[in-house]
Amino acid sequence: MRLLIAGGGTGGHLFPGIAVAEEFLSRKKGNEVLFVGTWRGIEARVLPKLGYRLECITAAGIRGKGSVARAKGLAKFLYGYAQSRKILKEFKPDLVLGVGGYASAPALLAARGMHIPRFIHEQNAIPGFTNKMLATVAERVFISLEESRKFFPEERTLLTGNPLRRQILEQVALAPQEERTDDAFHLLVFGGSAGAHRINLIMGEVLPHLEDVKERLRITHQTGENDLEDVTSAYEEQGVAADVVAFIDSMADAYRWADLVVCRAGATTIAEITACGKPCIFIPYPHAVDDHQRRNAEALLKRGAGFVIIEQELSGEVLAKTIRDLMADPARLKSVGEAAQGLARLDAAQVIVDEMMTSKRKEK
């Protein structure tokens with residue numbers, strides 16, 4: 001069988017698609033996967049390195065833009081639609097999955113016109129414009145969080161969770177945390193592959209408020225390239241043991257090491273946090289479309305599976321107090337981690353592939 005996965009732009013859209021691709025290829029020798037994305041998206045850098053085929057089309061957003069920009073966006077969409085039809089005719093997929101992002105719309109709509117079974121996956125609590133529109137033409141809508149169900153047709157919507165790459169599933173979700181005999185407290189801080197400038201800055205303000213517990217603290221902080229030197233200097237000046245890096249090669253190892261995580265609330269991050277059963281202080285990115293990161297984090301908060309500090313209320317003192325309180329309450333840390341793990345859907349990729357294949361068999 002052949003599967004075409006359309007979308008990307010960000011890791012939050014792309015990585016669930018990669019997880020589904022891994023599962024689909026593992027089912028039967030001879031299965032094939034083709035990704036469709038754009039040259040501007042993260043897929044253009046990531047997929048070739050992983051050995052996946054990628055076709056790039058022209059696509060752009062039109063939401064919330066002026067009339068001239070909308071006209072240009074529409075022209076790009078029509079061109080991308082024509083490109084998608086050509087790709088579909090050449091690849092001849094049995095199934096098409098949209099994972100969100102600009103490229104998913106022309107590809108899914110072209111698949112509809114060619115009567116190819118099509119599906120979408122929504123990663124966030126608040127769906128993006130593209131997926132809300134594509135839900136009208138998709139045979140199945142797969143969702144990561146129960147909160148997004150109300151935006152889609154009930155009879156065609158299935159809660160699957162957010163698919164995770166096998167690296168995470170194998171190295172973290174299935175591996176026990178190392179036993180430690182010392183009193184060290186491991187804090188993992190990160191903000192995605194590019195870092196998060198606000199989180200990087202705030203940690204410098206946090207440290208003076210943790211002076212009396214800094215001997216216990218062991219921090220791994222992923223900053224991205226831009227803030228690496230400044231953050232490194234901040235930890236050195238405060239005398240706090242910290243491993244400050246631009247990138248973390250193995251998030252699986254980092255999660256396993258951590259007692260507490262401080263990070264943004266992107267969909268993939270939340271899926272990884274829950275799979276690992278890690279207590280986390282989420283600081284949602286305030287400029288995400290439809291404020292979806294805050295909604296993602298609140299979905300865990302209301303289930304006792306995480307902590308949330310919105311940026312408008314963020315200060316060094318507030319974050320330090322939250323960290324200090326949790327350092328002093330291992331039972332609470334444990335219960336929140338267990339609640340997070342209770343929300344994990346480790347079989348998300350399997351369920352999605354099963355559903356797509358079942359739909360294809362019914363078609364026959």
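Just so it is clear, glycine is given a Cβ too, placed from its N, Cα and C backbone atoms.
Taken from Swiss-Prot, the feature UDP-N-acetyl-alpha-D-glucosamine binding site applies to T10, G11, G12, N124, R165, S193, I248, Q293, supported by sequence analysis.
DSSP assigns R165 (UDP-N-acetyl-alpha-D-glucosamine binding site) to coil in the three-state reduction, placing it in neither a helix nor a strand. With the fewest other Cβ atoms inside 10 Å of its Cβ, the least crowded of the binding-site residues T10, N124, Q293 in this structure is T10.
If you draw a 10 Å sphere around the CB of R165 (UDP-N-acetyl-alpha-D-glucosamine binding site), it holds 21 other CB atoms from the protein chains shown. Neighbour counts of Cβ atoms within 10 Å were taken for the binding-site residues G11, G12; the minimum is at G11. Shown in sequence order, F190, T220, Q222, A254 are the residues of the chain, 6+ apart in sequence, with a C-beta less than 8 angstroms from the C-beta of I248 (UDP-N-acetyl-alpha-D-glucosamine binding site).
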